[in-house]
Amino acid sequence: MNLHEYQAKALFAEYGLPVSEGYACDTPQEAVEAAGHIGGDMWVVKCQVHAGGRGKAGGVKVTGDKEEIRAFAEHWLGKNLVTYQTDEKGQPVAKILVESCTDIANELYLGAVVDRATRRVVFMASTEGGVEIETVAEETPELIHKAIIDPLTGPQPYQARDLGFKLGLNPTQMKQFTKVFMGLATMFTDHDFALLEINPLVITTEGNIHCLDGKIGIDGNALFRQPKIRDMHDPSQDDAREAHAAKFELNYVALDGNVGCMVNGAGLAMGTMDIVNLHGGKPANFLDVGGGATKERVAEAFKIILSDANVKAVLVNIFGGIVRCDMIAEGIIGAVKEVGVEVPVVVRLEGTNADLGREVLANSGLDIIAAESLTDAAVKVVAAAEGK
């Protein structure tokens, strides 16, 4: 689950981190009033969506005219913002963040992730602020400095000082940076973050450290113990199909291909997508129906897959371990009849009672294409998607 920038900065403020005075506004009039409340003669207005690249897409504006703030809000509220991180439809703008303007002398980067390799929270800092960290990692990896947080001892001030020295901070900035580092590290574990970015973390013209942006991703598996964070969820930013899938405990991720994939098991699902790619196809989705591939869940999975108009064929790849393949086959048949599937469906069954499951499919009277192996299934579904 992701948070909006204004929500991230509200959390920063709770932990004593330096952020700009700002207000999230629902109407153009609120935006104008927010600028008046903030004071000053320059403001920054930002569309609030769960995507980067807002500035290049026109979703960020610096202005000293309150009527320009009104015009900006009137233009964007209720519309979708399309950036390089969204699909062609973009994401809806329901709030505009109005902030005081900050004079910038230098831009830095500070972020943290849960690193699977070290099984630790890892902080990353760089002098290359305002640039995508992936670009820095690819082109100049030596400019990324890391601090690994030991879960037993927690974050330590010396780790912040070590990063600060590498960033070239002066003694005053070092103290400020240490406070930011310690606050973020505490916040990361307190609220079960999966990702945290301040890009840019700036040094103002007055020489102070300031959090100019904020990006937070929450571990969805921990939301049951984070009621405050859970209430911050903005469902308008979710993909409609992914949100529908979550209601039925289906793991679905929309992609841009034309071969729908329905698989039980995340590893098998990824392998299925790989082999579809290998044989010239493009998966339209990742969909893991989990261990309990019941008729109801399979039916919902078909509905979700077929709600994508780009899907030209569906590959169902099921390994019967705990559940029997003949039961799964009956579920597939019932789901196909209920949903009224009109595109070719290729089914590969393996595991417990696989032969009986294939027999059930063959005797169903439905136009279901049986596959003997995963390779055979991939070849057949790619051909079906191409109309061959």
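Numbering starts at 1 and runs along the chain as displayed.
Placed from the backbone N, Cα and C atoms, the Cβ positions cover glycine too.
Together with G53, R54, G55, E99, T102, E107, Swiss-Prot lists one candidate of K46, K89 for binding ATP, that being K46. Site annotation (Swiss-Prot, ligand substrate) includes G321, I322, V323; from N264, N277, N363, the additional listed residue is N264.
Each of the binding-site residues T102, N199, N264 was scored by the number of other CB atoms within 10 Å of its CB, and the largest score is that of N264. Counted over all residue pairs in K46, G53, R54, G55, E99, T102, E107, the record's binders of ATP, the longest Cα to Cα distance measures 19 angstrom. Counting only residues at least six positions away in the same chain, the Cβ atoms of T83, Y84, Q85 sit under 8 Å from the Cβ of G53 (ATP binding site). Candidate binding-site residues: K46, E107, D213. Nearest to V323 (substrate binding site) by Cα distance: D213. Mean model confidence for the domain 'ATP-grasp' (9-244) is a pLDDT of 94.
When the neighbouring Cβ atoms lying within 10 Å are counted for each of the binding-site residues (I322, V323), the highest count belongs to V323.
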